[in-house]
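Novice: Below is the structure I would like to discuss, written out as structure tokens.
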Amino acid sequence: MTAVAEHAARRSWVPVCAVSDLVTGGGVAALLPDDAQAAVFRTVAGEVFALSNVDPFCGAAVLSRGILGDTGGVEFVASPMLKQRFDLRTGECLDAEGVRVPAYPVRVVGDVVQVGVP
Amino acid sequence: MSRTLVVVGHGMVGHRLVEAVRAEDTGGTWRVVVLAEEARPAYDRVALSSYVDSWDAASLVLPNADYVGDDAVELRLGDPVTAVDTDRKVVTTASGHRQPYDALVLATGSRPFVPPVPGHDLPGCFVYRTIEDLDGIRAAAEHAAAVRGRAAGMVVGGGLLGLEAAKALRDLGLSPHVVELAPRLLPLQVDEGGGSLLRRLVSALDVTVHTGTGTERIDRDGERLLARLGNGTELDVDLVVFSAGVRPRDELARAAGLAVAERGGVLVDDACRASAPDVYAVGECAAVEGRCYGLIAPGYAMAEVVAARLLDRPATFPGADMSTKLKLLGVDVASFGDAHGTTEGALEVVVNDAVAGTYKKLVVSDNARTLLGGVLVGDASDYNLLRPLVGRTLPGEPGAILAPAGGADSAGGGVGVEALPDDAQICSCNAVTKGAITGAVRDEGCDSVPALKSCTGAGTGCGSCVPMLGKLLDLCGVEQSTAVCEHFPRSRAELFEIVRATRISTFSELIARYGSGSGCAVCKPAVASILATLGNGHILDGEQATLQDTNDRFLANLQRNGTYSVVPRIPGGEITPDKLMVIAQVAKDFGLYTKITGGQRIDLFGATVDQLPRIWRRLVDAGMESGHAYGKALRTVKSCVGSTWCRYGVQDSVGLAIELELRYRGLRSPHKIKAGVSGCARECAEARGKDFGVIATEKGWNLYVGGNGGAMPRHAQLLVSDVDKETLVRTIDRFLMFYVRTADRLQRTAPWIEELDGGLDHLRAVIVDDSLGICADLDEAMARHVAGYTDEWRGVLEDPDKLTRFASFVNAPGTPDPTISFRVEREQKVPVTLGMPEVVRR
Ligand code: SRM
Ligand SMILES: Cc1cc2nc3c(=O)[nH]c(=O)nc-3n(C[C@H](O)[C@H](O)[C@H](O)COP(=O)(O)OP(=O)(O)OC[C@H]3O[C@@H](n4cnc5c(N)ncnc54)[C@H](O)[C@@H]3O)c2cc1C
Ligand code: SF4
Ligand code: FES
């Protein structure tokens with residue numbers, strides 16, 4: 001909690017939607033300042049994560065439309081384009097070593113989902 | 001300095017020789033010159049009959065037969081050798097080229113034997129050996145069909161090749177007659193009992209069989225040929241194919257003064273050496289110790305022997321197993337070992353089941369313990385197990401071994417693969433023994449059929465031993481995982497049965513009760529498909545939406561830049577100008593790229609997520625519906641124009657295609673399903689490349705199943721013939737339902753049928769003869785599907801909740817995705833290829 005608080009001081013939080021706008025077990029895309037895009041996911045267990053929406057393998061902004069899953073306890077989203085999996089917490093690609101997408105911090109304030117941008 | 005090896009003849013054996021020499025000649029001893037008569041490099045003559053399926057010579061190409069990139073091999077095509085001078089060691093070709101040699105290999109094959117009946121050389125008479133022969137037959141058949149409608153053809157010779165030729169004629173739309181001098185078909189392979197069953201089975205396939213009679217003369221009668229048989233029969237036919245055996249091409253050897261065998265063929269010893277120094281003969285032209293072999297495997301063995309000798313390694317021809325197993329006109333025939341029981345004291349045990357249409361004979365030693373040979377007709381599934389047992393002690397009573405399957409052992413009869421000794425050959429194409437396979441499992445960790453294939457080579461030829469590989473893995477205690485993924489320890493078929501029996505209707509409940517974890521991109525769509533097949537509402541209802549691949553989730557096909565394509569259903573490819581105008585207008589208004597698909601419909605590309613509902617609103621209002629181009633579901637039923645317009649058409653193929661497409665639309669399945677209906681045997685709808693294909697006949701419809709395009713193209717196989725429409729539809733209903741229930745995830749019908757234990761015959765037993773007693777159930781399931789169909793896109797448009805999912809951004813629903821941009825190419829917009837972004841690496 002303290003780590004988040006520290007970082008929070010240095011970033012701005014963009015409100016993107018109400019919790020009820022999220023899809024349980026799936027993702028939505030959110031437009032961020034400077035034309036950046038986040039894919040915001042809500043797992044079946046109710047946890048919320050945000051990654052960059054852009055699939056680093058094809059350059060298309062599609063990760064929010066991927067299927068969520070887990071492997072050996074790691075929760076991931078599989079890109080709908082060519083099915084590479086990305087760790088929801090870190091953005092790390094599970095199928096290609098050394099590849100990752102930016103992971104954004106997210107928080108829920110009241111009913112509002114907020115994505116932290118640098 | 002390297003020496004010159006001259007190879008005369010570039011057939012399959014000549015090619016194998018060159019390959020073998022090149023593979024082993026690491027020291028560069030030999031420069032190889034191949035002098036060939038045919039104008040194209042060696043091709044797969046064994047598969048020549050399959051040329052009729054595609055008329056594409058590329059399908060017969062043998063890998064690397066043009067030696068491009070190998071400087072040590074020179075291939076001179078279309079210039080036959082006319083003389084050999086063994087004293088000067090030089091050969092001369094028709095063009096006058098003189099080629100000296102240090103070693104000479106004759107691989108000239110054989111020529112078809114044409115009996116000298118009067119009229120044998122009339123136009124319209126053919127032999128069956130080369131691609132050009134088949135092209136000639138095809139041209140004559142097409143000409144005859146055009147002037148005569150249903151034309152007829154006569155095949156002289158009822159052996160293996162004769163029956164293959166008859167099949168080719170039948171595939172060309174001719175009514176074939178087969179004339180065989182011996183009292184039965186396949187006189188060399190099968191005995192009398194097998195022959196008479198074979199005759200019955202073949203006759204049922206529209207082939208008229210005349211045995212025990214020769215051809216007396218052939219006369220020209222206007223456009224046609226009149227053949228008079230020895231028994232007085234007169235046949236009025238459009239063409240004649242001679243397939244009455246072959247004669248070795250030993251003419252060069254004779255002229256050069258080389259010794260030839262009594263019955264023809266270049267006489268060679270067991271090292272394939274001819275009677276002059278440094279001259280060898282291999283393949284069909286060679287008479288090894290006086291005997292010629294008309295099969296490919298002995299030819300290859302000879303090529304290996306000569307290649308070894310040329311590289312100074314000892315090798316001798318090991319003799320050849322003349323066992324054969326084949327499918328002729330869809331009838332299984334196998335013979336092995338001493339099939340005719342000529343061994344002293346041999347006993348025969350025969351099971352002749354007229355009802356099942358099977359004939360099985362084992363030839364055993366006088367004490368009934370040792371297997372000597374056998375004949376199988378109608379069902380040759382025991383061949384792979386029995387052939388390796390020849391010369392060995394039988395694992396049980398001969399009668400019990402032949403008994404119909406049904407006992408504990410699934411291999412049928414009483415022989416199991418466990419009964420085979422370690423040195424028994426499992427894969428005869430590649431000479432791999434049982435011991436080599438079990439060794440690879442134990443010592444090299446092969447734990448699957450693909451692993452065994454790449455490790456031992458077994459199963460990579462004709463494929464008939466593949467089921468045995470699976471059984472050997474079982475025998476070694478290797479469990480071949482059929483689990484869908486790490487979350488479900490079950491196969492797709494098992495999950496299907498679980499969902500069906502328990503009526504579980506959500507993924508969450510299924511994974512909680514029968515799986516673990518939260519699922520993944522493999523099991524979620526698989527379960528979603530099962531739920532959809534079993535009728536659990538709209539595919540985007542509730543939790544189901546999150547199980548779907550993006551295509552299903554947005555009911556459109558994802559494209560490389562993140563946009564989607566839209567494919568309205570155009571049943572059978574038939575469309576009114578008005579509907580075309582609607583599609584055109586929609587494309588214009590939304591600026592969509594348009595293209596005619598390979599599936600006889602129109603694809604509109606470049607729609608963004610938020611445009612999809614607006615596009616579909618217009619299409620649905622104009623009476624169109626989802627084409628399921630995005631789903632693992634029925635795609636298209638392609639049609640040809642058929643009897644309504646086409647001058648050759650014999651049935652209304654468009655009408656049937658539309659009816660079938662509407663019947664099966666929306667059916668969710670393990671993989672996509674495609675179909676086609678052609679109005680006559682010309683097959684303009686390419687129905688035999690489809691999961692199910694229907695071809696009109698004069699009497700009704702032929703149904704073919706298991707065709708596939710894609711990376712592993714397959715032609716669909718005939719399931720039932722000349723059936724009426726009701727029977728046809730019922731059979732397709734059952735075929736699809738049985739597939740949907742039992743196939744693996746992402747398994748098209750072709751590999752599914754191949755993997756069914758018993759293959760097409762088993763499929764036919766289940767869905768035509770109801771051998772499992774499940775047909776009523778399958779029928780009912782299909783009836784439910786047909787009654788429950790609704791258009792998925794209409795379902796979305798009518799549900800505000802579902803519509804909200806089609807937004808570009810949750811916080812800016814109308815704002816276009818800034819990463820998407822287009823440019824113009826050939827007057828239409830196309831995606832700007834997103835410059836490959838820097839993949840972020842740490
Ligand atoms: C649009 C179309 C090409 C075209 O412009 O003509 C097409 C496009 C695609 N095909 Fe196809 N196929 C199209 C006709 C075919 C055909 C021809 C036919 O259907 O007669 C074949 C060969 C026949 C067959 O399937 O056996 C064909 C064999 C494949 C395969 C190989 C399947 C296999 O069993 O090996 C794939 C890959 C797969 O499905 O795994 C594939 C996959 C695809 C995918 C889905 C690839 C992808 O994942 O993006 C393409 C996207 C479709 C889309 O709309 O965005 N497509 N594809 C054709 C749509 C037909 C339609 O009206 O629905
Ligand atoms: C339709 C068909 C189906 C068959 N099915 C099977 C099967 O299922 N199983 C099986 O084992 N076998 C089968 N066979 C037999 C098999 O194809 C032959 O055994 C094999 O092709 C023989 O190979 P080869 O190289 O010895 O002869 P060929 O393939 O006949 O090649 C000889 C080549 O030498 C050329 N030639 C001849 N004389 C000269 C010359 N003077 N100069 C230059 N070139 C010359 C010929 O033009 C020819 O290209 C089948 C044959 C046919 C026709
Ligand atoms: S397949 Fe159809 S279009 Fe082709 S010739 Fe026959 S009826 Fe005519
Ligand atoms: S027997 Fe033909 S591949 Fe094994």
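Cβ coordinates come from backbone N, Cα and C, glycine included.
Fair warning: this is a prediction, and the values are worked out from it, not measured in the lab.
From TrEMBL, here are the annotated features:
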DOMAIN    B:5-289  domain 'FAD/NAD(P)-binding'
DOMAIN    B:323-389  domain 'NADH-rubredoxin oxidoreductase C-terminal'
DOMAIN    B:426-474  domain 'BFD-like [2Fe-2S]-binding'
DOMAIN    B:559-620  domain 'Nitrite/Sulfite reductase ferredoxin-like'
DOMAIN    B:631-767  domain 'Nitrite/sulphite reductase 4Fe-4S'
BINDING   B:CYS640, B:CYS646, B:CYS680, B:CYS684  [4Fe-4S] cluster binding site
BINDING   B:CYS684  siroheme binding site
Novice: Excluding B:CYS640, B:CYS646, B:CYS680, B:CYS684 themselves, which residues in that chain have a Cβ inside 8 Å of the centre of the Cβ atoms defining the [4Fe-4S] cluster site?
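Specialist: Neighbours found: B:VAL641, B:GLY642, B:TYR648, B:GLY649, B:SER653, B:SER678, B:GLY679, B:ARG682, B:GLU683, B:ALA685.
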Novice: Out of B:CYS640, B:CYS646, B:CYS680, B:CYS684, which has the highest number of nearby Cβ atoms, where nearby means within 10 Å of its Cβ, if these are the binding-site residues?
Specialist: B:CYS640
Novice: Kindly state the mean pLDDT of the domain 'Nitrite/sulphite reductase 4Fe-4S' (B:631-767) in the predicted structure.
Specialist: 94
Novice: Please identify the stretch among B:5-289, B:323-389, B:426-474, B:631-767 with the greatest number of Cβ pairs below 8 Å relative to the domain 'Nitrite/Sulfite reductase ferredoxin-like' (B:559-620).
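Specialist: Comparing B:5-289, B:323-389, B:426-474, B:631-767 against the domain 'Nitrite/Sulfite reductase ferredoxin-like' (B:559-620), the winner is B:631-767.
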Novice: With CB pairs under 8 Å as the measure, which of the listed stretches B:5-289, B:323-389, B:631-767 comes out on top against the domain 'BFD-like [2Fe-2S]-binding' (B:426-474)?
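Specialist: Answer, by Cβ pair count: B:323-389.
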Novice: Taking a cut-off of under 6 Å between Cβ and any atom of ligand 1, tell me which of the binding-site residues B:CYS640, B:CYS646, B:CYS680, B:CYS684 pass.
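Specialist: Those binding-site residues that pass the cut-off are none, since no Cβ is under 6 Å from ligand 1.
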Novice: Work out, from DSSP, the number of helix, strand and coil residues along the domain 'Nitrite/sulphite reductase 4Fe-4S' (B:631-767).
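Specialist: Looking at the domain 'Nitrite/sulphite reductase 4Fe-4S' (B:631-767) with DSSP, the answer is 52 helix, 33 strand, 52 coil.
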Novice: Which residue counts does DSSP yield for the domain 'NADH-rubredoxin oxidoreductase C-terminal' (B:323-389) in the helix, strand and coil classes, in that order?
Specialist: 7 helix, 34 strand, 26 coil
Novice: Pull the DSSP breakdown for the domain 'Nitrite/Sulfite reductase ferredoxin-like' (B:559-620) and write it out as helix, strand, coil residue counts.
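Specialist: The composition, in the requested order, is 29 helix, 14 strand, 19 coil.
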Novice: Per DSSP, how many helix, strand and coil residues does the domain 'BFD-like [2Fe-2S]-binding' (B:426-474) have?
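Specialist: Output for the domain 'BFD-like [2Fe-2S]-binding' (B:426-474) reads 27 helix, 4 strand, 18 coil.
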